[in-house]
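Pulled from Swiss-Prot, these are the features on record:
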- LYS688: ubiquitin cross-link (CROSSLNK)
- 81-365: domain 'ABC transmembrane type-1 1' (DOMAIN)
- CYS524: S-palmitoyl cysteine (LIPID)
- CYS1396: S-palmitoyl cysteine (LIPID)
- SER549: phosphoserine (MOD_RES)
- SER660: phosphoserine (MOD_RES)
- SER670: phosphoserine (MOD_RES)
- SER686: phosphoserine (MOD_RES)
- SER700: phosphoserine (MOD_RES)
- SER712: phosphoserine (MOD_RES)
- SER753: phosphoserine (MOD_RES)
- SER768: phosphoserine (MOD_RES)
- SER790: phosphoserine (MOD_RES)
- SER795: phosphoserine (MOD_RES)
- SER813: phosphoserine (MOD_RES)
- SER1445: phosphoserine (MOD_RES)
- 1-77: topological domain 'Cytoplasmic' (TOPO_DOM)
- 99-122: topological domain 'Extracellular' (TOPO_DOM)
- 147-195: topological domain 'Cytoplasmic' (TOPO_DOM)
- 217-222: topological domain 'Extracellular' (TOPO_DOM)
- 244-298: topological domain 'Cytoplasmic' (TOPO_DOM)
- 320-339: topological domain 'Extracellular' (TOPO_DOM)
- 359-858: topological domain 'Cytoplasmic' (TOPO_DOM)
- 880-918: topological domain 'Extracellular' (TOPO_DOM)
- 940-990: topological domain 'Cytoplasmic' (TOPO_DOM)
- 1035-1095: topological domain 'Cytoplasmic' (TOPO_DOM)
- 1117-1130: topological domain 'Extracellular' (TOPO_DOM)
- 1152-1481: topological domain 'Cytoplasmic' (TOPO_DOM)
- 78-98: transmembrane segment (TRANSMEM)
- 123-146: transmembrane segment (TRANSMEM)
- 196-216: transmembrane segment (TRANSMEM)
- 223-243: transmembrane segment (TRANSMEM)
- 299-319: transmembrane segment (TRANSMEM)
- 340-358: transmembrane segment (TRANSMEM)
- 859-879: transmembrane segment (TRANSMEM)
- 919-939: transmembrane segment (TRANSMEM)
- 991-1011: transmembrane segment (TRANSMEM)
- 1014-1034: transmembrane segment (TRANSMEM)
- 1096-1116: transmembrane segment (TRANSMEM)
- 1131-1151: transmembrane segment (TRANSMEM)
Amino acid sequence: MQRSPLEKASVVSKLFFSWTRPILKKGYRQRLELSDIYQIPSADSADNLSEKLEREWDRELASKKNPKLINALRRCFFWRFTFYGILLYLGEVTKAVQPLLLGRIIASYDPDNKTERSIAIYLGIGLCLLFIVRTLLLHPAIFGLHHIGMQMRIAMFSLIYKKTLKLSSRVLDKISIGQLVSLLSNNLNKFDEGLALAHFVWIAPLQVALLMGLIWELLQASAFCGLGFLIVLALFQAGLGRMMMKYRDQRAGKINERLVITSEMIENIQSVKAYCWEEAMEKIIENLRQTELKLTRKAAYVRYFNSSAFFFSGFFVVFLSVLPYALIKGIVLRKIFTTISFCIVLRMAVTRQFPWAVQTWYDSLGAINKIQDFLQKQEYKTLEYNLTTTEVVMENVTAFWEEGFGELFEKAKQNNNNRKASNGDDNLFFSNFSLLGTPVLKDINFKIERGQLLAVAGSTGAGKTSLLMMIMGELEPSEGKIKHSGRISFCSQFSWIMPGTIKENIIFGVSYDEYRYRSVIKACQLEEDISKFAEKDNIVLGEGGITLSGGQRARISLARAVYKDADLYLLDSPFGYLDVLTEKEIFESCVCKLMANKTRILVTSKMEHLKKADKILILHEGSSYFYGTFSELQNLRPDFSSKLMGYDSFDQFSSERRNSILTETLRRFSLEGDAPVSWTETKKQSFKQTGEFGEKRKNSILNSINSIRKFSIVQKTPLQMNGIEEDSDEPLERRLSLVPDSEQGEAILPRISMINTGPALQVRRRQSVLNMMTHSVNQGQSVHRKTTASTRKVSLAPQANLTELDIYSRRLSQETGLEISEEINEEDLKECFFDDMESIPAVTTWNTYLRYITLHKSLIFVLIWCLVIFLAEVAASLVVLWLLGNTPFQDKGNSTYSRNNSYAVIITNTSSYYVFYIYVGVADTLLALGFFRGLPLVHTLITVSKMLHHKMLHSVLQAPMSTLNTLKAGGILNRFSKDIAILDDLLPLTIFDFIQLLLIVIGAIAVVSVLQPYIFLATVPVIAAFILLRAYFLQTSQQLKQLESAGRSPIFTHLVTSLKGLWTLRAFGRQPYFETLFHKALNLHTANWFLYLSTLRWFQMRIEMIFVIFFIAVTFISILTTGEGEGTVGIILTLAMNIMSTLQWAVNSSIDVDSLMRSVSRVFKFIDMPTEEGKPTKSTKAYRNGQLSKVMIIENSHVKKDDIWPSGGQMTIKDLTAKYIEGGNAILENISFSISPGQRVGLLGRTGSGKSTLLSAFLRLLNTEGEIQIDGVSWDSITLQQWRKAFGVIPQKVFIFTGTFRKNLDPYEQWSDQEIWKVADEVGLRSVIEQFPGKLDFVLVDGGCVLSHGHKQLMCLARSVLSKAKILLLDEPSAHLDPVTYQIIRRALKQAFADCTVILCEHRIEAMLECQQFLVIEENKVRQYDSIQKLLNEKSLFRQAISHSDRVKLFPHRNSSKYKSQPQIASLKEETEEEVQETRL
């Protein structure tokens, strides 16, 4: 970034904002890069501002029992706020004085007042000087207030972020991500621009009092008629506002429903295509859209009348003020024109400025109170560690996640002790205690010595993660003692990847040790993965490790924990995403060898891990079921297998957690997070649902990204659980959009209660967030000294061979710390923003306007009609002026003022009636025409929005996956949320306002030009100057706005990243570093926003300067060319003053229109996406006719109509090559094999080898080459829809959309209830559905949060059975299941798909044993394709992965004694199946 010219700018340059000229010139000539943006002034840095406010807030906390945040803000900003308020008031006062001089100028034309005529020229000079003074006062004042608002926002942003990192986990349990984002965006954004209006809460009343005094002097009591009307008008507008809010609230629920379905569709677009559900989803969404648009039109009409009321109120104000006076004393033109000018100012003060100011204070104080409450939340407390101990000890530890239960626990226990003394009832305590809440851990005792390995196992929800959280201090014990040395390293069960390089993620701020680093890389099996990257371990990872597989993310997280030199290592199910072979190698080389001398606590349930552990702790429902060695476990607890049921590899996922609230860390951010709800909780929350989707969505966030969802940071209590749980293998950033898309656009959908402006939700970015905030600094003090900005030292390891693509800016200090400079790596930033900025021009093209206007044929006629009415209005106005100029006047004796009978100044009583009749008649006609003009325009523009939404939805659904893979999910969602909201809400009325203002200006200029043709000569160059200045400014401002909008992304993304890894951050003590990164993100945004505000003020000031010149010309032309006794000067000057404010408003509206039209450009970009080939046309035609066929009819000349295809399920694959995007690297190369009908084939390969990719290639979801045949029919000779219908799919990412059970099973409504129940019975789903009220009509929300992952997979099975598929594709169906539920699915597979071809991708060996053939994929190619016997006889990957016990299961005859126990375990599983059916929810 460049150094800001502001630092060296002169006072004059600062006053006129001339220092922004270089960036304006550069932006006009070329596209702006981030390197062109100026550095922020040091006073605006987040470090300085946050430190200042934090100091005052701490002072407030220390000095008062009831601290007020507003007091801290007052001490920081009050005097500057007051100073700019006084400037603003003085500027507003000049507006009230201007009409006085205007009246004197008109009065100077009175023939009897010759003395005044001589000073008219001086009065004109004074009037012009008032405009100059007003310009010099208002713009610095407005900019100063915007600047203060920006500083307040930055300081509070930082304060909130710092507080977030300190919040206790119990508080986090009650706060959703959506609430935090709303706190940062919706609330704090009010300060930036709203602060400039705050002073009008006292300025407007003073101004009204001054104006009424001046009007009273002119019109006496008549003055209050106009004021009364304005007050009534303000109340009327308030009433319209309430009505509009009612419609908006109703509409927000409908929007939420649509966006929920749309979000689910986008996130699961691959499943939608695999199931051939494109038309079904389109119909569902369009039906919701239709209902939404009815309310949209009502709200738009109310807003239209509200806006029109302001435009058309001017006539009534003047009319009501002047009429009583004119009827009594006649019309005095001087007083009329002066009153008109006063009323213009008065109308603005009463109907706009004061209501806006009141609303600003209301919103601001509300936001401050919310932030104040947040800042007083309970903070995380670190445990007091015993640094002398070497062991880890827990003694009688009991804990609750629910806040306050600890105190109740002690009280109940005390009462229990008192009662036991009297009645001896030992069980009384826990009978009382059950009323208080369930402890997540009860009476836990264990002791492990230094260097020992403790394996913690247990069933789902047993409290294993809570145990680790207790040791880390995240969960406070209600009773008992915990002792350990305090140096802890932690690996979360959900792999958390910090945006940065692989090396930075592993080192994570610890001093760099090459030998240790290489040892950890090797032990965690990362060497091979890293070697595949061109940049090796310096490759930049996206947010959440978007470019990595789940297994790679898990190994990096484990490596981070192992690299840190600690006394105690807490490993929470670190092997979740690893294949069997990799897991085995890492456990041996890393956990058992590399960490052999360290104390380790490992959450696991694998038998091999339990055997190697020094001690084993088995938890069951929060209690210690067993503690001891493995041999003791076998002797004392022979039934321990049943306690591990429902666990196995499922442990690392939160899908089935039922009891504890926070035990599964950041549940909503898990890659496979289902709703952890118990059956009792299900009844509390889910049985209240109705058929209306919106009933359970009162607190949803509409992502604008995002994402339309309320993501809880932790699992919420049953009454709070309104969030959405995702079954997603995709990283979070593919689903969660927390920041606005970088494209320009102001409107979004924040909360369900209101549609307003604010940030929209956005998704993953290609580059690291740290790219946005840091820049490499060469080693050496000399370079560092060149950086004038402040630096902040944080701990981070240095690296050798730094390149300019490095994320961190670093300098090795003696304390192995890091100096992060304020410099930004522009190249990385440019690359990071490239996606958002490309292919959207800085200024909306004329082609976009033309395409938008011609989209609906009625729109052109409406615009022509508007022009015709405008011409009629101008003609009527000229007629009125002609009548005024030619009104006959009475004799001198009959005139009101006997000394004057000139029509230029006085019109008599008799003529006044005549004039007013004409004026009122014409004005009423114009009002009626005006309303008639606007309504059709607004109505038609909403219809255009409807068409654009339909076209875009259709294009997205029909786009190939290769195209969709290049887009960000949040970016797509923003089109349907933010951009459609702009098209619905803002664009129609903004276009109406612009057209209205433009016509007013043109009409005023036309009238003035008719009265004084010389003025027209002055008008032409002024209008030309306006157009050129607008074009010059717009080119730069839109780019700055685009950069500013993109600059918001790192702020919210960094917040989410920090929250996702909050426990890891605390365990590693990295809060200060992440605070620094957050300040970097804030400073980046501030640089763009401050420059945008400055250039905007430059533009506004130039507009005023041009007008001042124009007004000077008009004033002197009028004074010098108006002859004796003519009164047209009053009309000319009054209209000229009106032109000033209206033309500025019109120019600003044109800029708003251009900004909002960028949303149209983005929508057109999506509409123009390519479509998949082979799309049947019959269904499309049926849809266009408003009817959606229940059965899709596809003609295929290669298949006889009498045949049922596919009949057997035989597959032949020849030279299959697959790529994710056109021109990308091949993921699979030259795959060839064949599958016999009814055969079961297992896919084997290491993590990331391409197993899931092969299944996607079968469905033609990727760019593929080669050939596949099913029963002799090639995929090239059949339509895409029919090809996909041949497959049944159970994907990793189970798709349950918001809708009934029936709709989820049969979206095309092809099957009767009897057929659906029959299939549900076949797959074991009937008992699940019957437990819900409404059964098939029960509405599933939040991704089916009331269902376990196993039940969701059963629904996928049911869909496949209903589709009559002959080939079934299963992608790791057991990855998130306990063995019991998986047994149910295996049984369903055997029964429902006995004669089908099954292709299974699975990590669990037991699940693969039923396959006849195995396809081993290695290095993107087929390595082996053989039966299981051949693979076991060779040194294959399968043989390495399978354990001896699994081989015994395969060949029981080789060792019958070892196999005897198998039937017992199998029978145990069978016994529990029915129990699972009843309790699995």
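Yeah, the Cβs are placed from backbone N, Cα and C, and that goes for glycine too.
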Local Cβ density at CYS1396 (S-palmitoyl cysteine) - other Cβ atoms counted within 10 Å: 22
Stretch-level contact, the transmembrane segment (340-358) and the transmembrane segment (859-879), CB cutoff 8 A, at least 3 pairs: no
Position of peak Cβ density within 10 Å, selected from the recorded positions CYS524, SER549: CYS524
Secondary structure composition of the topological domain 'Cytoplasmic' (940-990) [DSSP: H/G/I, E/B, coil]: 45 helix, 0 strand, 6 coil
Contact between the transmembrane segment (78-98) and the transmembrane segment (859-879) (at least 3 Cβ pairs under 8 Å, separation 6+): no
Structural state census, the topological domain 'Cytoplasmic' (1-77) (DSSP three-state): 55 helix, 2 strand, 20 coil
Long-range environment of the transmembrane segment (1096-1116) - Cβ separation under 8 angstroms, sequence gap at least 6: 16-18, 20-21, 24, 121, 124, 127-128, 131-132, 135, 139, 142-143, 1008, 1015, 1018-1019, 1022, 1025-1026, 1029, 1033, 1037, 1132-1133, 1136-1137, 1139-1140, 1143-1144, 1147-1148
SER549 (phosphoserine) and CYS524 (S-palmitoyl cysteine), Cα-Cα, nearest whole angstrom: 15
Distance [Cα-Cα, Å, rounded] between CYS1396 (S-palmitoyl cysteine) and SER549 (phosphoserine): 30
Candidates 123-146, 196-216, 991-1011, 1131-1151; stretch with most C-beta pairs under 8 Å toward the transmembrane segment (859-879): 991-1011
Counts of helix, strand and coil residues, the topological domain 'Cytoplasmic' (1035-1095), according to DSSP: 58 helix, 0 strand, 3 coil
The topological domain 'Cytoplasmic' (147-195): DSSP-derived helix, strand, coil residue counts: 42 helix, 2 strand, 5 coil
Chain residues outside the topological domain 'Extracellular' (217-222) and at least six past its termini with a C-beta under 8 angstroms from it: 103, 321-325, 335, 338-339, 342
Secondary structure composition of the topological domain 'Extracellular' (320-339) [DSSP: H/G/I, E/B, coil]: 17 helix, 2 strand, 1 coil
